[in-house]
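Shown next, in structure tokens, is the structure this report addresses.
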Amino acid sequence: MSEGTYQRLWEASHVTLEEVLEKEPSVLEPVPSRERQSFQYRISVLYLYYLGLLRRFNLAYDQMVQPQKRRLLRRLLDGVAGRVLELKDELVRVDLCETHCLDRVLQDLKLTPADLEVPIPKYFQLEQSSAVKARQQMLADILNRLEPLVSQENLRGLSRTAALILVQSAERARQGRLRATFMREIRKEEERDRRIWENGQQKFSRDQGAIVIQKVWKGYLQRKRIEQDRRVEMEFIGMLPSPNQTARLNTLNQAFLGEESRRMRQVEKEEEFQEAIGKTYESLTETEGPDMKERMKDQIRQWFIECHALTGRFPDYPDEASGGSYLIFADKTPEQVRLDLEAQAQESRKKDQEKKEKNKEKEKEKKEKKKKKVKEEKVKKEPEVMFRVLPSKSIPVINAGHEEYTSVWKSRYDNKHPSQNFDSETLREEKRKQVEMEIRVQVDELMRQELKNLRLAVDREETRPLKSPKKKGGKKSGKKKKEKDLTPDRSVDSLFEELVIIGLIKKSALVTLSDYIGDCLYLGSTLTLANKMPMPSLFDIRQNMALYGVLRLGSHDIHTMAPLVRSILLVGPSGMGKKMLVQAVCTETGANLFDLSPDNLMGKYPGKNGAQLLVHIVFKVARLLQPSVIWIGNTEKTFYKKVPKEERTMDPKRIKKDLMRATKQLSPGDRVMLIGTTERPQLAEMKGLCRFYERILFIPRPDYASRYVLWKRMIESQGRGVQLTSSLDVSALARVSDGYTPSHILQSIQSVLTERRLLQLIKKPLVASEFVGHLARLDPVYREEEESLKEWFFKTPLGKKNMKFTKDQLEAEEARLTKEKKKKK
């Protein structure tokens, strides 16, 4: 696409953004609980709108070349991402589950399921800081040093005679197979001639034979033409894959090259812009700086004289903390200055009156407290009936960005800057403000001394110490106790290397979140209306990991604006891709991977003090080298109800207390995420596990839609020449594989598609029966195991709330039906 295309995309996005911002106030109004569905619908609409804006801003920021526009786009992109995370939090609070059925909203907005995909900003990987890249290189160097030299085993060689015998036997076997095939064909030919002779079949004349051949050939040719036309039509409407991918690949390659060339231009324009920033700053300081300095001095001297004429004394010069002379001369006249001074005098009088009023207020407060107690007792008796949206940190950022676009960029046309160069006028205005602020600080220091000299010379008065403004009384901000540094004399690099050598920091596999294959839930609203809690699909799990893990860890600004989530628990049977999701989060964000699994901690940092030191070092390095992911595999062992005898020597619970204490210290801006995975959560203490993990994601067996996509995508990913044909019934495979995990499906595909089978695909297409035998040898996830996990999940805090809400709905529905029956009678 051209530069103009991305400019139009940006303009259209702001039109949509303006409409969405107009809808925001309506969501802030409290809604009674009986209107839960309408409230959820409004939040869902906003959520989908912001998802679309996030997708557009991500594309525009990735391909926009003009450096000043990119800075504004970055702020808008982070703000919209923060708002998406806030609305996700609201949806969880309203739906009482992590899976949201938005199919009805999609239909009303005329969107497709693809619009539910959470876009991951490309700058997370493309604009990784030099520190992150240096850390990854350091990890690779340490691991290379630790890798033992692979000893080449001396394979026992064959003697010349044994080798000849082996080759001869293989060649004789090959010749025997060919001879047997040849003889089989000869016998078939003889058998056919014998049957013709026995049946007495008469020979055709030359004309009759020609007619028969023509009839057969024309029928065959017409069938081939019809089949070809049908295939072309099915390929055109997207029902069949196109066998010729050359044109499509060429188009994709051209688009990729265009994107890369624009990114190269971004780097060039950014370097030019940075160079221009320095030159503009120096130019303004040299040319306009002296005039600014003299003008400010004249203004401040005039203020001294006018204040002395009005009040009979020189004013107190404001200190730097309150803004210095900037606030005084922010478009103020001497008369306004006089009014400000009178206002200060009135404030002192008000203080006396306030003391008298305080006594009256105390009496009123006592009465109000009594009223509040009565109200609280009523509220306790009555359930909460109102839904409210929590205040947003992202909306002010989005509003500021939209206002800047409207005032600066909306009315400007690209024909002024066809080469996407920076706007020098806008740059000079920004730098002029910076130079003015720096010069004002210098002028304030000089004028304070001049004011001191004036007081001594005119009023014979020494400078009065200016009282610093008192802080308003109120509750003291709760200060967290600073954690004692147990390694003050150690550098971060040495601690990092120590953790790598011990095996607590590991290199993550290069897996993207899009590699976690799955399709969305299409009948969620139908299940919800039937008062059935829909189980999440693999698509929902992927989206939740993008929201809770990737978006928060990818950007410091997004993490600061979004609701704080410190830890995630992934619960599901073996083979569902829990570890793959952890590695995908690390890949998408460039995060460090710390492995605190109980099996990995065995024998490392023994003792109570050792466990404390271990957790301290891990969290210290994780905070200093953000972003970081702390993975706890088999996390049920850390929270065991009762440690099994065979695992007592491992002492899996030894870091539990220190881990919980360190996790509570994480605050907004600390891009550290704890992710636990477990297959047997029933063995863990429920309260401790749910208190530690703030978000619990249950991963059930894949449904039919996800299995269909899994079979299709995994088969196609086995090689460039692998294509699905009509001979392979993917739908049948998806039905047969009910109960099997993605790992089972991948194992069966890899067992069938060997190198030899891949070479035979041209002559012998794949059929479903080839996979069924390999799949049958694997043990599926039995329904009893999944039901056990579901029962555990419904005992979690969110699961209990959902079950209670569903029960209340069923009771209300039964009561309504009984009333209707009575009325009919």
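Here the Cβ of each residue, glycine as well, is placed from N, Cα and C on the backbone.
Residues or ranges marked as ATP binding site in Swiss-Prot: Gly572, Pro573, Ser574, Gly575, Met576, Gly577, Lys578, Lys579. According to Swiss-Prot, the feature compositional bias 'Basic and acidic residues' maps to 344-366. Here Swiss-Prot flags 467-482 as compositional bias 'Basic residues'. Per Swiss-Prot, the feature domain 'IQ' maps to 206-235; the stated evidence is sequence analysis. What Swiss-Prot lists as region 'Disordered' is 344-378, 459-487.
A map of Swiss-Prot features onto the structure.
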residue	record	Cβ neighbours (10 Å)
Gly572	ATP binding site	24
Pro573	ATP binding site	20
Ser574	ATP binding site	13
Gly575	ATP binding site	19
Met576	ATP binding site	24
Gly577	ATP binding site	26
Lys578	ATP binding site	23
Lys579	ATP binding site	15
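For the recorded site, Lys579 (ATP binding site), the DSSP three-state label reads helix. Using the Cβ center of Gly572, Pro573, Ser574, Gly575, Met576, Gly577, Lys578, Lys579 for ATP, the list of other same-chain residues with Cβ within 8 Å runs, in sequence order, Leu570, Thr677, Glu679, Ile699, Thr741, Ser743.
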